[in-house]
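Engineer: Here it is, the structure, as structure tokens.
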Amino acid sequence: MGSVELDPKPARRRWRLHQSALVVLWVVMSMMIWVGLYWYIRRQSIRNVEEGLVSMCEERARMLQDRFAVSVNHVHALAILVSTFHYQKEPAALDQETFADYTARTAFERPLLNGVAYAQRVVHTQRELFEMQQGWVIRTMKREPSPIQDEYAPVIYSQETVSYIEALDMMSGEEDRENILRARATGKAVLTSPFRLLGSNHLGVVLTFPVYREDLAPDVTEEERIEATAGYLGGAFDVESLVENLLSQLAGNPEIIVKVYDVTNASEPLIMYGPDLPDGFPSPSHTSMLDFGDPFRKHNMVCRYSKEPDVPVSALTTASGVFVICMLVGYIVYAAWNRYDNVKEDCRKMEELKKQAEAADVAKSQFLATVSHEIRTPMNGVLGMLDMLLDTKLNSTQQDYAQTAQVCGKTLISLINEVLDRAKIEAGKLELESVPFDLRSILDEVISLSYSKSREKCIELAVYVSDGVPEVLLGDPGRFRQIITNLVGNSIKFTERGHIFVQVHLADHSNLVVEQKPEPRLNGHNDDSIPTAPVSANADFDTLSGYETADKRNTWENFNKFLSLSSHSTQNGSTHNSNSESVTLVVSVEDTGTGIPLHAQSRVFTPFMQADSSTSRNYGGTGIGLSISKCLVELMGGQIWFVSRPGVGSTFTFTAVFQRCERNGAVEMKKDTLDILPSCFRGFHAILVDERPVRAVVTKYHLQRLGISVETVGNIDLGIAALTAEKGRLLSGTKRQCIFLVETDSCSSKNESYSQDQILEGSCNGCKLHLPNLFLLATSELEKERFPGFSDNAFIMKPLKASTVAACLQLALGVVSQNANEDGSNTEGPSSLRSLLVGKKILVVDDNKVNLRVAAGTLKKYGAEVQCVESGKDALALLQVPHKFDACFMDVQMPEMDGFEATRQIRLMEKKANEKVKAGEHGTEDEMAGMDWHLPILAMTADVIQATHEECIKCGMDGYVSKPFEEKQLHQAVAKLWASANS
């Protein structure tokens, strides 16, 4: 049946309808947002206005209370004055004239009072006598004679402004009577209800204070207060003037209306100040309570705006702006949604391309793994057979052919390893190990690998490590060795004269010594206008060989500063940041080669890229080494850069971060990272003759590693002088053996020949001096011809490393080594490997007959008894418990049953056998009784992918060795295999 295609038009029409509905809905929502935002902003504005009104109203109420309280205090003080001078003085010191004069002169203290008056308390029995003394009759408020009552309160003293109330009885009014009685009972000021004041016609209140004949205690009773009352002091307050005075002094908002009420009767409040407003006035208001000191009377202040606040402009502008934004957002969404279908199709295509790229990446990894395995498998046979061939009797020509083929095979394996490393780095699957290692031993190994080429070219190859660098570090020694090997290999490849110098310093020291930035040509960023430096035929620079170097910072002056810092750190027993767990090293590889052309410097670290096509033809290589080195340096937490000058040379520098490791961590170090030096030279003294200070420091470094103290001089004459001084110390009783070392190019011109007598016998103050322990430091075999009188043992050939120097000195001086290497416990040579394998019965499993012969031949070479099978099933048949095998070398990839599955089956059989032994199902006579079965299994794999190694361990194997394997690699794997078996 054919596929039915759906018509997309109805779906598009439905989509258009949905779009229209969504547009209308969005517009409605935008309008709702506009309305909601407008009302929200307006409400916030009104709330802010109300908060401002509350603040201003509370401020005015507080100030009004303070002003009123000040006036009340003045009235209270006047009451105390009347009590003191009228009643407590005999005779009375106060009369109407004095009172009127005093109150008139102190009226400025009471600006809010119309006047004050004093009314004396008179009981009815004393009325007649009182009226005779005063000369007038007590009258009521209506100015009529006061009727008979229990007591009276006629005014006897008054301020001139209220003199019209003199002789009036203050208790003739009902409200006044209640206020007077309440004041004398409480002892506090009391207020009347508001009324119109005479004269000003303003609303006011009367404040009444009781006057006592004597001071009363705070805890007196009400009856005692009444009994002690002598009269009453009153004052009339002008409330309207008080509020107006207050408002005039405030820089307030004239739009605020203030009203003051007496709300003692809440149902009928009495207005004390303020204009009348129409009912339903829309302006917001706020009420603040007032406390005038009378708890019986209650007052408040009402504040409001004179008109309703305006609508804020921000409410309209903000809401409109948000509306416009919403519409713009809707338009953008609408436009974006219209392109959704196209983008969706593009995403689908991109997803397909992504899957294809991921599949290609997986295929590439699988291809590399497969190619690696398929190439390594026959190469294992080629190299293995060549190794076995070299162990037979061959003539010189045959041996040369076989060795050449072996070198070519190893080069091919090295190339495969580099390509796989690059692939693992790109896939992010390259992991660094963290083990203790001796950095100085690693550098010595690199020197050993490169010494033959450096001698052929007659170039100096030297290594120097600062004293401050720890002896044992924690990191990946293999990858560190790979970086140094790549850089040194490139330097040797492109250097025809001069030197190659490897330096290692602490980053802290490097920062202290070199503060200036590198020269322009750093990592390819250069100025093409700078001319290429010509090569000097007669080199004369303070460098290792005397030739000029690319990096001007690597001078003898800076190098000497490194020495000073290292020496100071060593003497103090610490280095910079010694408390830190990490150590950052700066490693530089300096050469005086051809340099890198300016146009090629920007792509130095690009994989498979070289300066030009002629580079590969002239020097060989694939251009991948520096790329891998850069990736490894970055994995170590560092950076790599270079300075190169065409015709002068190149200096590659990188940093790497390692962890500190205690000295006892050396016990756990891999044997290939440890080089134990002999201790038989401790106490020796050496006099070194070298005209080049940098080279002298390098030689001194290697000698001091052997425990030899070194004295350096610049020429033969100074050396003979130092030798004479040393002879004097020997004659005085100092016992130490002295050796005399001379650099060959320090003996005047290189075209002259020197005999042994010319150097050994020098004149010093007319005396002949003979010294047999003399050694010459030579770079090549050709230099021996200039010194015909010396034996081969008197020459120490470069490049120098501590172990070769020790071997030369032992051979020439006949010194016996006293270190642990004598018993062979720390060696990895054939005898050590033989001691591990001799007499062992080993089963080798491999489906490739050539590889089977290579593995069997290698193991038999070291004394093992070998039995071979070609499949995993055959191995299972031979390894049925009990068996007599000591170990099994298992290939990983085999037909029918691979090495992983075979190992799982073997472990399963061993587990069942061990369970039976624990359960006691085997008798004491049974050979399985008391045994714990675990056969050491070593994987032989041509894959160097990390996943393969992990699978080996996961399935129960005890270790692995990659094909083709070498003697050192086999020794490490077997030693680890026996160690795990014994544990």
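Even glycines carry a Cβ here, placed using N, Cα and C.
The model shown is predicted, which means the values in this text are computed figures rather than measured ones.
What TrEMBL lists as domain 'CHASE' is 90-302. The domain 'Histidine kinase' annotation in TrEMBL covers 370-660. Sequence annotations record features per position, and here TrEMBL assigns domain 'Response regulatory' to 841-978. The feature 4-aspartylphosphate is assigned by TrEMBL to Asp891. The transmembrane segment feature in TrEMBL is assigned to 20-41, 313-337.
For each feature listed, report its degree of burial, its nearest neighbours and the pertinent distances within the displayed model.
Structural biologist: Summed and averaged per residue, pLDDT over the domain 'CHASE' (90-302) gives 84.
Sequence-distant neighbours of Asp891 (4-aspartylphosphate) (same chain, 6+ residues apart, CB-CB distance under 8 A): Val845, Asp846, Asp847, Asn848, Asn851, Gly899, Ala939, Met940, Thr941.
Within its own chain, the transmembrane segment (20-41) is flanked in space by residues 312, 314-316, 318-320, 322-323, 326-327, 330, 334, which lie at least six positions past its ends and keep a Cβ under 8 Å from the stretch.
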Engineer: Do any residues of this chain, six or more beyond the ends of the transmembrane segment (313-337), have a C-beta under 8 angstroms from a C-beta of it, and if so which?
Structural biologist: 19, 23, 26-27, 29-31, 33-35, 37-38, 41-42, 45
